[in-house]
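Database features (Swiss-Prot):
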| type | residues | note |
| --- | --- | --- |
| ACT_SITE | 261 | active site, proton acceptor |
| ACT_SITE | 271 | active site, proton acceptor |
| BINDING | 98, 105, 162, 163, 209, 210, 259, 279, 309, 310, 311, 312, 313 | NAD(+) binding site |
| TRANSIT | 1-73 | transit peptide |
């Protein structure tokens, strides 16, 4: 993402590449004429993961990653945030639906929002709730909770949630009797929204990080109607339901985001069971919801099309490691995509800095979506890369 300095007061830029080394000196370039009003842009590896650099020493020189992100800093003190262009979510409250562990995109989004100052509430799938809360309580996630200032991300409250059910009347008897739901209550979308209202009054940010396709490994021609509709229900309509029920308690000027995938518009063999259709529906719904929520309550709605990540949930696809390798070999930016990069994009999208962005699909995939033909195709075997 390129940053443009529109105001004359932004005069200096500092970039610090992070290439597997522990640290490197920043370079400063004067881009304006008035150094007394200058600001510095200091580099951090990731907003939500300051100082955690990946060791690429085992990779060939041509395949080592090179990335930097920027954080506005005052010239008088590089340890204090500048009033220039910070992502500031202090005083904001976010509800993130779909976190069940610490290695997916939902967790990374939560961490980036927390790093920017937001208060974090989480909705966790009921069968995973006990394990998730126990892991939090026993400190299993403490290492991945570390924020740039050294503190641990605080999850203010974890709510049970099954977003395929809008209200208690929708829950079938076999689910009510299922032992995995025993001991939990108020976990439909309607009930979760009401519990958040009772506990906190309102929220500013709603994040949808939910997807499930029970027949994802099946080709579309072999997918049952039940499996197809289940994928749509869990992966796309759940966003409509969440926004519909949480909108009344969202503060005007807030924002909502979801996570999608390039299979919505390109053929990804193996990503079946109706999941490609579900992602296409999610993106289409994003545009409609942006209009409706925007006009009704000044709420922005966007979706992030993230590249492949080897999370526990993605392992269900079966070929996720192949997709990660494919992305590395063929994307314009040849590096491994991290969850933090998606989290940081989310923090930007829900912040006032993105106040004019709504109804958009934002690609965070090292540019893979822009490619027409894979570079590892035999067509390009003699191409000088």
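Quick reminder: no glycine exception, Cβ is built from N, Cα and C everywhere.
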Winner by Cβ contact number (other Cβ atoms within 10 Å) across the recorded positions 162, 259, 261, 271: 261
Where residue 259 (NAD(+) binding site) sits in the secondary structure, as DSSP reduces it to three classes: strand
Residue 271 (active site, proton acceptor) and residue 259 (NAD(+) binding site), Cα-Cα, nearest whole angstrom: 16
Which listed residue (98, 309) has most other Cβ within 10 Å, given these are binding-site residues: 98
Count of other CB atoms lying within 10 Å of the CB belonging to residue 209 (NAD(+) binding site): 25
Euclidean distance between Cα atoms of residue 271 (active site, proton acceptor) and residue 209 (NAD(+) binding site), Å: 18
